[in-house]
Every structure is written in structure tokens, then in C-alpha cells.
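Taken verbatim from Swiss-Prot:
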TOPO_DOM  1-26  topological domain 'Cytoplasmic'
TRANSMEM  27-47  transmembrane segment
TOPO_DOM  48-70  topological domain 'Extracellular'
TRANSMEM  71-91  transmembrane segment
TOPO_DOM  92-98  topological domain 'Cytoplasmic'
TRANSMEM  99-119  transmembrane segment
TOPO_DOM  120-148  topological domain 'Extracellular'
TRANSMEM  149-169  transmembrane segment
TOPO_DOM  170-201  topological domain 'Cytoplasmic'
REGION    180-201  region 'Disordered'
COMPBIAS  180-194  compositional bias 'Polar residues'
Amino acid sequence: MRSGEGSTAAAAAAEEEKVKVAAPFRLAELGLRVCAVPLAVASVWEMATNKQVDETYGEVRFSDLSGFRYLVWINAITAAYSVASILLSSCRFITRFDWLIFILDQASAYLLLTSASAAAEVVYLAREGDREVSWGEVCSYFGRFCGAATVSVALNAAALLCFMALSLISAFRVFTKFNPPSQSNSKQQLSQEQGKPVVSG
């Protein structure tokens, strides 16, 4: 009985310690999710409204470039998910969805990374060109368009940083659910393997 009561008390103490440790992370997590929403929305708005007309070279829109279209879609999806995850975070049964949120946080971070890479490559080529394939830079003619695209990519990168931090926090929350094996359980398993009776203190 003493052994059982001791293990129960230890488990309760460990659970209480987890709650104390997780509390600051909950606040940080909520803050990051709230910050990610305006960053992603601003990135979408800056890119989706981006166009410029030049008398000599015509009109250029974000939709003309696949990398920019991809960035808009990914940021829109990320913003919607951020709002949904904020609503889930306010519910008491959030622990039921810890694994789902962990997976979606990881996926959002990877998608934001790929969209930032794709859009940044387009911006770089627009600013610097590519001499190997005889592509000239175009930002000297479409400076406002390039500037808005750069701002959108920067906002996307800021949202990415939020989700990188969220990925770490959600991973911490998920994996702290697993308790390390107690000393009594380890002794019992070792005794069973050796064929010896277990003596409880």
C-alpha cells in the first residue's frame, strides 16, 4: 500500500509540476498565434494588391508569377489556421487536439518556409537578373512593384519565425505528456526479468 500511495503522490506532484512549467508557454503560444495572424494577412494584402504599369514595358501583376501566387495562398491558409488555433486555445478541451496542433504547426512552418524561398527567389531575379540565361533586372522599371513584393516577403518571414517558435512550443507540450519510468517500476521490471520476487518498501 505504501508503495502504491507513494507512486500516486509522485505522479500527482509530477503532474502539478508540468502545469506550472506549461503555464508560461501557454501565454507565449497565444501571443505568437495572435501575432502570426496580422503578419500573414498583411503579407497577403501587400502581395495581392501589388501591380504596376509602365508605359514602355506594360503592366505587371503578382498573379503573373507563380512564386508570388504561392506565397499568397500559403499565407491565406496560415492566417485562417492561426485564427482557428486561437479559438481552440481558448477551449478547455485543447489537450485533446495537442497532437493535431503539433502536426499543423509543423506543416505551417514548412509551408511558410517554402513560400518565402519561392517568392524571395523571384524578388532576387527581379532585382539582380541572371546573366547566365540573359535575364535582365526589371526593378529599375517596376520599382514600386519590387518594393511591395519585398515587404510581403519580409512579412511572410516574420510569420515564419512565429511558427518556428510555435512548432517548438507545441512539441514541448506534446512530449511533456509522457512521464519517465518511476524507480519502483524500473525495479519491478528488472526483478521480473531476473525471476526474483519484488520487495516493496
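Keep in mind that glycine also has a Cβ here, set from the backbone N, Cα and C atoms.
As the structure is a computational prediction, the values presented were derived from the model and not from experiment.
On the 0 to 100 pLDDT scale, the model's mean across the topological domain 'Extracellular' (48-70) is 89. Residue counts for the topological domain 'Extracellular' (120-148) under DSSP, split into helix (H, G, I), strand (E, B) and coil, are 18 helix, 2 strand, 9 coil. With a cut-off of 8 Å between Cβ atoms, the residues of this chain six or more beyond the transmembrane segment (27-47) that come close are 62, 68, 71-72, 75-76, 78-79, 82-83, 85-86, 89, 119, 148-149, 151-153, 155-156, 158-159, 162-163, 165-166, 169-170, 173. Across the topological domain 'Extracellular' (48-70), the DSSP tally of helix, strand and coil residues reads 9 helix, 8 strand, 6 coil.
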